[in-house]
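What TrEMBL says about this one:
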BINDING   81, 358, 362, 399, 400, 475  Zn(2+) 2 binding site
BINDING   81, 192, 194  Mg(2+) binding site
ACT_SITE  131  active site, phosphoserine intermediate
BINDING   353  Zn(2+) 1 binding site
């Protein structure tokens, strides 16, 4: 072999090593001096690097020609609240930079999913959506009005008498009725907008308990969302998140913050919903209530079938501010949830919400929002390790976007929270790459835009500058991404209405109204069972190694 071809082959090998490092976002290759030489000499200046990388990607894409048409035993929906496409891109860069890379070439776990679509997020009465109407769409399969959960567009927000007759059911209920185990995991309150659409029928997303409801609505027979969590779909197998105070009688002190009145119970009806759940579950031996990380991680999933975990009076803390001794991470909650749910031979449905991405953006705190997105991506990766693509359909999407973006001709590897490389040619002041279209970051000093170089613009709670002053930043109206893998994932492609998502997931699992195609004329399932061949298992092993 000539020296020329040996050099070319060596470059190709190095390109593949680098590509795999970028793919897993962590390179364990030893021999750093040679590796750094490769980075400096060949990385991106040599066309062969890009060609080799592209050819490798092409070979992987060609394997998708054989579609996975198995029946989905398990369904997982990861919902990044407010995780628009700019947030996905910025989180990707952050993930890489946290691993010591420049960031842009990194792959999020969701980036590795083979099928991607766009979802149109508008509500029936809103061009720019809220999280309640969108949750009704991607959980119940029906578009709805903003501010309402689990009811059709015939229901009017805050009008109790428009509830009855307009209820719509969710894929979580379809799965439960099919004999599957079901679960909800969120970093917000378990009775917040996103999770509540899985079980509640409520014309106002803010009716967390009867303490937040108008008296006339209670008298008219409307139920608060916390109550519906325990009454509408009996025996939800896994419930984890925040929202403890909405389960306890008004003025009852909290177990974790006994002296803090803002965390006291809110229920005017005097009911203790946690105690009621515990008493009801006494007949089911394998049930457990937990309220902190130590209790959660001490659970043996093999011995627990039902778990209620309420880890905060309200929302869980941001991941950057989480007490790692007492507060579980999203990844830790997801792992326990799946290990409990997967014991059911009929499979499971799990809704996972990274809900505080949205809160970070509303507060103009991009660093909080992006770290929440990275943590959700970590949970996605953990879920992938303890489930199989052969029998588990996993979908990752967002309910809506935000007025968040980044730009300014920043150079490669620029810290995502850093400054743009130039001054404004209007006010001659620096600006950060991350900016908001509106929000609390609008500040004027002596009639001029604030000089961000005098601030800790990389601080955890720094509020990025915005063009329009608002106390809370707003949602964005553009389409959001839908990432899918597993059985029937190829049905999520192109641009779809948001309410299409649960119909696809139900079709893949043969639940709800999508069951006719599952039975052949002889009565046997017409979809392939998820029994991978030895060759398929070997292929999976190579991909994971």
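Cβ from N, Cα, C; glycine included.
Residues 81, 358, 362, 399, 400, 475 make up the record's Zn(2+) 2 site, and a Cβ search at 8 Å around their centroid adds 82, 130, 131, 357, 361, 398, 401, 402 from the same chain. When the recorded positions 131, 194, 353 are compared by Cα distance to residue 362 (Zn(2+) 2 binding site), the shortest distance belongs to 131.
Counting only same-chain residues at least 6 apart in sequence, those with a Cβ under 8 Å from the Cβ of residue 353 (Zn(2+) 1 binding site) are 78, 79, 80, 81, 184, 185, 186, 187, 188, 194, 195, 241. Less than 8 angstroms from the CB of residue 400 (Zn(2+) 2 binding site) sit 82, 84, 121, 128, 129, 130, 131, 134, 475, 476, 477, 480, each of them six or more residues away in the same chain. Note: the CA-CA distance between residue 358 (Zn(2+) 2 binding site) and residue 192 (Mg(2+) binding site) rounds to 12 Å. A separation of roughly 13 Å, to the nearest angstrom, links the Cα atoms of residue 192 (Mg(2+) binding site) and residue 399 (Zn(2+) 2 binding site). If you draw a 10 Å sphere around the CB of residue 192 (Mg(2+) binding site), it holds 28 other CB atoms from the protein chains shown.
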